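What follows is a single structure, written as structure tokens, with notes after it.
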Amino acid sequence: METLSKPMETFDNLFLIIAHFIRGLFADPQSVWANLTMSIINFIIVVVIVVLAALILILLERKVAGWTSQRPGPNRLGPRGWFQTIADALKLMGKEDITPAGADKFIFKVAPMIIFALPMMTLAVIPYGNGLAPINLDLGIFYFLAISAISTVAFIMAGWGSNNKYSLLGGMRAVAQMISYEIPLLFSLLGVVMITQSFNLGVIVEAQKNIPFILLQPLAFVIYIIAGMAELNRAPFDLVEADQEVVAGPFTEYSGLRWGLFFLGEYGNMTAVSALAATVFLGGWQGPAILPGFVWFWLKVGIIIFFIMWARWTFPRIRIDHLMHLAWKVLLPLSILNIFLTGLGIYIYRLVMGG
Amino acid sequence: MTIENTEELLLNMGPQHPSMHGLFRMVVNLEGETVTKIEPKIGYLHRGMEKLAESRTYAQFIPYTDRLDYLASPHNNWAYVQTVEKLMGVEIPERAEYLRVIFGELARIASHQVCIASTALDMAGWSAWSYAFRDRERICDMYEMTAGSRLTVNIMRIGGIIEPPAEFWPALKSFLDDTPEMLDEYNGIFFGNEIAQGRLKSVGILTKELAENLSITGPVLRASGVNYDVRKAEPYSIYDRFDFNVPVRYGCDSYDRTIIRMDEIVESIKIIKQAVRDIPEGPVMAKVPKVIKPPVGEVYHRVENPKGELGFYIVSDGTTKPARVRIRPATFINLQMLPIVSLGWKIQDVVAIFATLDAVLGEVDK
């Protein structure tokens, strides 16, 4: 047993060992310069995660789309079409960058950058493995939600700045939808915070050593996934970029790499929301010791992402009044009920355990 | 700060817009997301079919009719050739009549599949769209075996039809055997879906009175509770020999306008099965002169196209070319309801209502 678990442990702590080695190169491993170097390395890793996630997820999405609608999906470029996204990215880079004549140029150009920056900021607080959080923030969940709420502003900026009626309609929809779904999303996470008494994502993962919170908070998990899909503007909640109604919503006037940034941002956000779900509800990097922690983490993220894609390609789009109805009259009361039940459960638990 | 007068948003949807089937344009006034006024603009696909007919011989005009309602081209051929035959007084062989019914009903199924698919797609139901199109491909394959083309088939002749090859019959049989499963799939992925029902049910009410006053025909009319089908009301070809029902629904909403097409597919399959059972051997072309010169006169004939009543009015002056051709397209007249019915609904619903009309702009603009 000892000999078996030894290499696994090494593999599990692979990144920590590398980090330790890099710090060891400095005269004083805890000096400002060592910390700065580590921060820069962490930042680069998060950027790589966002870009890689987008590259892989775009292909995965097209494969899932093919699978649900009974067609092969991309299958020409490279083995089984695996290089398709690279070709698409090159194509996007080669396209002309158009700014409409009537556009508010500054807002128009800043919006995609904001969208692209947000997933990098949110993904920085996720613990990818045991002690593998790029930033170990005590207010992790709070920070995550606060940052992801900014994307609403970016959508309305893109919608307004484009000087296009479709974009404006899409931007207005984005505001209505994302602000409404912010609330159930936040409330669904409160139950877990109440149990663990902490906003720190690392602590929340540690608390799931024996039992993942999806079993203690099934209702909250369902609310989180639904509200998360709405936050991401993914079908069936993709009213913002509903191509059958508002052409492409706020993205209508964008072309080339700016449009590509929106795409990167969308898939980065999808990774971030799935990563938070995996961390808070599915036990993050915790799992049987047959696989290293970070592999477990990405497996769980992958399952949630697959589910989100599957839902997108299966369901028709929801109507805007039904969307609001679902947020305010169904999800919000349910999430408050969940908080109440969690409180009751904690109270009874303390009463029984004499805590 | 006080809010000054609010202004309506004038939105120009189309002619190039993802959900405008073909080249349709509507100018929409929006109060927020709610539609206050719609002005349909048509004519972007106008080719002057009726005028073109005057400079073509009778037989030369058949391929042009394919381009009317291009999703059900055998029906357009059928309506036109039957009108000419009526004018000439030609009796066509039994086998040709049966084949015409088989191809007509296949075209009806294909057209309804496209309608279901495009309604689903206009509501972003991507998979439902590809399911229906996958099954429609098999009908296109059968067209291809017989006529060589998949969309504009040009399958009928004045006095008969093309004889399908031997491999057509097994393909038809396997298609008919698989249809119950297909319909189950459409039900499962689209009609049974909670969101789809929420989007379609009690949306865009077309009352019975309004439908009758606007002289709407086809499935759109029957979904408003009027039992009217040219195949029953004025049986043409050999439709009086088959045992089939005319599906009628009473919901008057988008949902019934879409799902009634599922019922019609079931009835079409019933008709095709009877036709395949009863079809006699024999020739498929009547003896018609090489140069078609109908006697002087005029005639109107109508058939039940998948979208509604398709009529041809032909005036002959005794020469080889028609003096005047007038087409009564079904969807052109059905489209009248759009500005009336859509008022007060959200822009998303208008897209769905337009999809349930199953408008084909080739037919609207002629």
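Note: Cβ is positioned from N, Cα and C throughout, glycine not excepted.
Nonlocal intrachain contacts for the transmembrane segment (A:37-60), taken as residues 6+ away from its ends with a CB within less than 8 angstroms of a stretch CB, comprise 19, 22-23, 26, 74, 81-82, 84-86, 88-89, 116, 119-120, 123-124, 134-135, 263-264, 267-268, 270-271, 305-306, 309. As annotated by TrEMBL, transmembrane segment applies to A:37-60 (among others).
Tertiary proximity for the transmembrane segment (A:106-129) is limited to same-chain residues at least six positions away from its ends with a CB under 8 Å from its CB atoms, namely 12, 15, 42-43, 46-47, 49-50, 99-100, 135-137, 140, 143-144, 147-148, 150-151, 153-155, 157-158, 160-162, 201-202, 205, 250, 253-254, 258-259, 261-262, 264-266, 268-269, 271-272, 275-276, 279, 284-285, 292-294, 297-298. Marked as transmembrane segment by TrEMBL: A:106-129 (among others).
As annotated by TrEMBL, transmembrane segment applies to A:141-162 (among others).
What TrEMBL lists as transmembrane segment is A:183-205 (among others). Long-range contacts of the transmembrane segment (A:183-205) within the same chain, counting only residues at least 6 positions beyond its ends with a Cβ under 8 Å from a Cβ of the stretch, are 125-127, 131, 133, 136-142, 144-145, 213, 216-217, 220-221, 223-224, 226-228, 231, 276, 279-281, 283-286, 327, 331-332, 334-336, 338-339, 341-343, 346.
Sequence-distant neighbours of the transmembrane segment (A:211-230) (same chain, 6+ residues past either end, Cβ-Cβ under 8 Å): 177-178, 180-182, 184-185, 187-189, 191-192, 195, 204, 236-237, 273-274, 276-277, 280-283, 286, 304, 307-308, 311, 323, 326-327, 331, 334-335, 337-338, 341-342, 345. Summarising the annotation, TrEMBL assigns transmembrane segment to A:211-230 (among others).
Look at TrEMBL and you will find A:261-283 (among others) tagged as transmembrane segment. Under 8 Å from some Cβ of the transmembrane segment (A:261-283) lie the Cβ atoms of residues 49-51, 53-54, 57-58, 112-113, 115-116, 118-120, 122-123, 126-127, 141, 144, 148, 151, 158, 189, 192, 201, 204-205, 208, 212-214, 217, 220-221, 224-225, 228, 231-234, 251, 254, 297, 300-301, 304-305, 308, all in the same chain and six or more residues away from its ends.
Feature annotation from TrEMBL assigns transmembrane segment to A:295-315 (among others). Residues 57, 60-61, 64-65, 68-69, 127-129, 225, 228-229, 232, 234-236, 238, 270-271, 274-275, 277-279, 282-287 of the same chain lie 6+ residues outside the transmembrane segment (A:295-315) yet bring a C-beta within less than 8 angstroms of a C-beta in it.
According to TrEMBL, the feature transmembrane segment maps to A:327-349 (among others). Residues of the same chain lying 6 or more positions beyond the ends of the transmembrane segment (A:327-349) and with a Cβ under 8 Å from any Cβ of it are 177, 180-181, 183-184, 187-188, 190-191, 194-195, 216-217, 219-220, 223, 226-227, 230, 355.
Under 8 Å from some Cβ of the transmembrane segment (A:141-162) lie the Cβ atoms of residues 100, 103-108, 110-112, 114-115, 118, 121-122, 125, 168-172, 174-175, 178-179, 182, 185-186, 189, 193, 199, 201, 204, 231, 240, 249-254, 262, 265, 269, 272-273, 276, 280, all in the same chain and six or more residues away from its ends.
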